[in-house]
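Beneath this line is the structure, given in structure tokens, with notes to follow.
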Amino acid sequence: MHAHPIQSSLAARGGPRPGDVSYAGQKQYTPAFLDHIYDRVVVGFSNRYVWRCRSAHIVGLYNEHVTEAHLDVGPGTGYFLDRCTFEWPTPDITLLDLNPHVLDVAARRLARYAPRTYQADLLEPLELQPGAFGSIAATHVLHCVPGTMGEKAGILERLSALLRPGGVLFGTTVLAGGVPQTLLSRAHIAGLNREGIFSNRADTLDGLRDELDARFDDYELTTRGSLAIFEIRA
């Protein structure tokens, strides 16, 4: 089975370009990086030793919330969807990312589900059907997106509009303030911000909580290591 691309205005113009605001946060995700480095470095090393939230904990978050109609925003290599357990034999999965290489790699890994792929910039309006999804994941996404905490929470608000009643939007983001840090996590945050891969120098736990309070009636915000974990219910 093969992935089914959903045509978007971004894909129509050939994908992200170096001048785009969001370009820096995704430029390192080349096919070689995704195929040979991502799982070992990001999923294996960084989650456990830098951010201090094991990937197994994030898989558990997926197991708790995924439904038969799932949107995965920033799927990386598809690791978490590959490892989580669906209660349905043929879930309807849509993968969304700015980077076409991410979509290709994740869709190939998840080929048994024949996922749809949708290339889009989270800073622009999304051309997806409101109320179409029972679950949406945005794992390790917001810290790569440029903008204020309010602008990042605005992305969550737009994504939540895609949930059907009772659906859940969940995910994680690395925070620079309000959570425990180590020398290693501080060094990674500083270096990744210098390189433009992260844009989270001003992202704090209080700031995120204030923005969620202003937008959502039913949400849960917890932390694990340097990560914030959010669960937002429609």
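Numbers run from 1 along the shown chain.
In case you wondered, yes, glycine gets a Cβ from its N, Cα and C as well.
What TrEMBL says about a protein is an automatic prediction, not a curated fact.
These figures come from a predicted structure and were not determined experimentally.
Checked against TrEMBL, the range among 1-21, 190-210 recorded as region 'Disordered' is 1-21. In the predicted model, the domain 'Methyltransferase type 12' (71-169) has a mean pLDDT of 97.
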